[in-house]
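Single-structure report; data block below.
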There are 2 protein chains.
Amino acid sequence: MNEVTGEFDMIARLFAPLTDGRPGTFDLRNDAATFVASPGHETVITLDTLCEGIHFFGDDDPAGVARKLLRVNLSDLAAMGARPFGYLLSLARGKSQDDPWLEAFAAGLKEDQKLFGVTLLGGDTTRTEKGLVLSLTALGEVPMGKALPRSGAQPGDSVVVSGTLGDAALGLCILQGKNFGLDAANRAHLVDRYHLPQPRLQLGHRLVGVAHACLDVSDGLLGDLEHIAQASEVTIQLDASALPLSAAARSVLNADAQLLSNVVGGGDDYELVFTVPASARPELARIEGESGIPLTVIGDVLPGPARVEVLDSERQVLQFERRGWTHF
Amino acid sequence: MNEVTGEFDMIARLFAPLTDGRPGTFDLRNDAATFVASPGHETVITLDTLCEGIHFFGDDDPAGVARKLLRVNLSDLAAMGARPFGYLLSLARGKSQDDPWLEAFAAGLKEDQKLFGVTLLGGDTTRTEKGLVLSLTALGEVPMGKALPRSGAQPGDSVVVSGTLGDAALGLCILQGKNFGLDAANRAHLVDRYHLPQPRLQLGHRLVGVAHACLDVSDGLLGDLEHIAQASEVTIQLDASALPLSAAARSVLNADAQLLSNVVGGGDDYELVFTVPASARPELARIEGESGIPLTVIGDVLPGPARVEVLDSERQVLQFERRGWTHF
């Protein structure tokens, strides 16, 4: 791990223990870390950056920020069908991140490391002019050549999604002041879904050799599915009435059907959406039974131009203004 | 590569070409990248972060910032004896980085990619509240178990450094307004050394199986060597008169001997400093001849407490206030 003089103690105290003594991490005292892939496997690597004031707020719970940072990266590995094993951290501190903040942040990492079986391999700490900037590089592995692509969707495939959609986007609305007439428990459910993604790692791993194409819903269902449509050169047709909703989201949409745009366009759900051939349906039922994660068929892959459509109950194409999340 | 909607075009135009079509990078259109290590090799990974206003200035040449970012990371791989092959980039833009800035930045990466034989594998683009924050994760490989450690220095070893020391620190002084009575060519030499490190990759690779311990001089010679002293539990004794200086630095020190503190304490030289047993001296001479990089014995490894000392010509221990670079 690289570091600035004066932060050695902080790194030794807070971050070196997060290596769990893994060989090749050298207690974060080396210039770099080393690792060896399992025989017959390739390494999968991804990087996500979260910025204060953009992706989270300075007064958010530091442990929660740490866990979200790790989980959004693990979700990318899940989308590839990879098993995670480690990560590197870039922590560029703003003025608000004092020692107690860092302690809570490291505690959040420690908690999730145990949960997901990963260890810290290295990183860098520094300072910014303003605002915390966190970047995490996550590493996993997958049997050689078996990483789930975005380009494999074929006409005749079904489109399947895990869990429920739209919760995180509605949770963000609540954080921004909306109430939706929900009780406290339902509001908390939606806000939790925004704050603490559940990377679908076991599901992703089980989909290796089963799904034709896969990704995680991070920017919004329609925008994300467009990546599969484009990479696979297919049309994807979704059935609006099939989109799986939590009880809280169902209640919100019953009151205001327009909010369906949050379900198809809102990001941060971190569910997996994937396509499978009809022949894989029995296997899918087994996976659903074993994992306990609801899997819902929400549409079909068709021959045609690269496009994603959402049909209503009369099979009319719905129009949405918001197809994905943007900073601009 | 992850990205925000609205930056797809920028990524496709500027960054996707930097993958050189490498398999496993999926034109930056996937959630993650994949790679396979060469047989008998382990992967070496490192991460360094550079922040506007801390490590560089907003009006610095964008291509130069890109090249420095890549090179400081490659220097960490060199210190491990690794051959680099790829990298991931986190680009968190401030307000000053417009499209022409990004184009020049990408051009700088492209130039150095060719020079060092690496390709972009993935990354993330986002926005900060203020100031550009760049983080780069560099990947290389080294024969299994052969990475150069910091912990292998043994009493009887010589301490050797590549190139010259102190240039970058003196170059920074010039950028901050010092003149040192140097002519333009000498001033330019020192400033270039600050702006554009030369990662000693071929040297590092040749030191595998030869050096007992190695690192790159990034924070300052004494502070960095303390890492070897501590990890190896040895005393390191340096001979002040042996420290290799460029003609420009020699001229500066002749005028003001106090500036020796910049040579032993200043960072950013990115030379390799390593320890070798006496038996390796003939091999070292061969490496020097083949590489064309001057290698200078600057001291000895002794039994004793973990400590780094600098002796003057009368073998008295010199005292320096500045032992390494700090943000605080």
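Note that Cβ sites are derived from N, Cα and C of the backbone, with glycine treated the same way.
Of the residues A:ASP76, A:ASP167, A:ASP256, TrEMBL places A:ASP76 in the same Mg(2+) 3 site as A:ASP31, A:ASP216. The binding-site residues near A:ASP48 (Mg(2+) 1 binding site), taking a 10 angstroms Cα-Cα threshold over the set A:ASP31, A:HIS55, A:ASP76, A:ARG150, A:ASP216, are A:ASP76. Among the binding-site residues A:HIS55, A:ARG150, the residue whose Cβ has the fewest other Cβ atoms within 10 Å is A:HIS55. Among the binding-site residues A:ASP31, A:ASP124, the residue whose Cβ has the fewest other Cβ atoms within 10 Å is A:ASP124. Here A:ASP216 (Mg(2+) 3 binding site) is compared against the binding-site residues A:THR46, A:HIS55, A:ASP124, and the shortest C-alpha distance is to A:THR46. In this structure, A:HIS55 (substrate binding site) belongs to neither helix nor strand by DSSP; it is coil. DSSP gives A:ASP124 (Mg(2+) 1 binding site) a strand state.
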